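To start, the structure under review is shown below, and the notes come after it.
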Amino acid sequence: MDQRGEDTTLAPHSRMSGDQTAQDPGSSLGELDQQNVVNRVVALPLVKATCTAVSSAYNSAKDRHPLLGSACRLAEHCVCSVTTCALDHAQPLLEHLQPQLATVNDLACRGLDKLEEKLPFLQQPSDMVVTSAKDTVAKSVTGMVDLAQRGRRWSGELRRSMSQAMDMVLGKSEKLVDRFLPMTEAELAVLAAEAEGPEVGTVEEQRQQQGYFVRLGSLSARLRHLAYEHSLGKLRQSKHRTQEMLAQLQETLELIQHMQRGASPSPTFHPPKTQELWGSWSPCLENGRSHSEVELETLALSRSLTLELQNAVDALAGCVRGLPPSAQAKVAEVQRSVDALQATFADAHCLGDVAPTALAEGRGSVARAHACVDEFLDLVLRAMPLPWLVGPFAPILVEQSEPLINLATCVDEVVGDPDPRWAHMDWPAQKRAWEAESADPGGQEAEPPRGQGKHTMMPELDF
């Protein structure tokens, strides 16, 4: 019995030992749960306060709504049952993976330590975090509003500065235009008529009352008009100078022709230099001047007039860049006439060296040049102002030469191979046969194609 008693006394002890041994993994797992990273996360003030707020809201919702509370309690009971069953079945697996779980827990705790260092607000309650976030957002919005206000003030100052600068530039430009391109008589008359009206300010006051774009548009239009008038005046001066040179040269050529014929001078009016030669030709012996001296002076006068005319025509050619080709052709014709005259007197040492035919051709060239100058100015006056404003007012128009057309190819395309049906006919018979074949069956001939419109600088003005 004693032995059985010992066995009975030892059996419970052994069973207790086995139970304690079976409970040891559970105790170690409890210690692991105490050091679990999840517990640390839940213990954070921010998370704890948030969970408390959510729990209180959940409980109050269950109390206010009985049906919702019953459903929630049923769900809680189901979740607890499922969790208990899952833990009972997962206990062997957790015991088997205890070393790995400990390693993962250690790494997670280290990461949580670093996260707490970088995010101090995790140690603060949720209401404090929300308050600080509101303050931060309010400060950011206030800063953005201040920045927008400063930007608006800066843009206003920039706009005023730009307006003042543009007013200054426009004022200087208007003064320069008034100084270098003064108003014409027609514009002065218009201003005088406007000044007679009631309550009309000065030109400066009217300009100050106008807007920037209005002033800029009026300045550009006025500058274009004044530039047109200025350029037209220069062309008129060049035209008058060229015509004066041509008139003097014509009188000189007439003098040379009379001197070659031995005729007496006519008492008509002549230019000053030519008048002197006309006066010295008849009484040359009385004044002690020989016939050869007068001839040399006449040739010298002809060369000087030709040189001056060449310079005037060169200046006129420099002013016609950008003009229509017809106007440039007139100036080129004048240049050719002057070059021919210069070649006529280049090698002459006396009046006998100038051939009468060359002299007659020279007079004809001078007459043609005089007519070309008149036609040139008429072409300029009929042309639009803008196309021929060159230099600082508009870019120079450069005409591109078109490639030459192969006439043989065009003839082959138009004529084509002869029709073998009409090979035995002469040309008039072939023409009549072709007209009869190409005629309309109704008895009306086909309308010939219209010619291509003439190319102009401004097609919209062609009617």
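Glycine is no exception: its Cβ is also placed from the backbone N, Cα and C atoms.
What Swiss-Prot says about this protein:
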| type | residues | note |
| --- | --- | --- |
| COMPBIAS | 17-26 | compositional bias 'Polar residues' |
| MOD_RES | S17 | phosphoserine |
| MOD_RES | S163 | phosphoserine |
| MOD_RES | S337 | phosphoserine |
| REGION | 1-123 | region 'Interaction with LIPE' |
| REGION | 1-188 | region 'Essential for lipid droplet targeting' |
| REGION | 1-32 | region 'Disordered' |
| REGION | 200-463 | region 'Interaction with PNPLA2 and ABHD5' |
| REGION | 433-463 | region 'Disordered' |
| REGION | 444-463 | region 'Necessary for mitochondria recruitment at the lipid droplet surface' |
Taking the Cα atoms as reference points, how far is S163 (phosphoserine) from S337 (phosphoserine) in Å?
57
Fewest other C-beta atoms within 10 angstroms of its own C-beta: which of the modified residues S163, S337 fits that?
S163
Looking only at the region 'Interaction with LIPE' (1-123), what is the mean pLDDT?
72
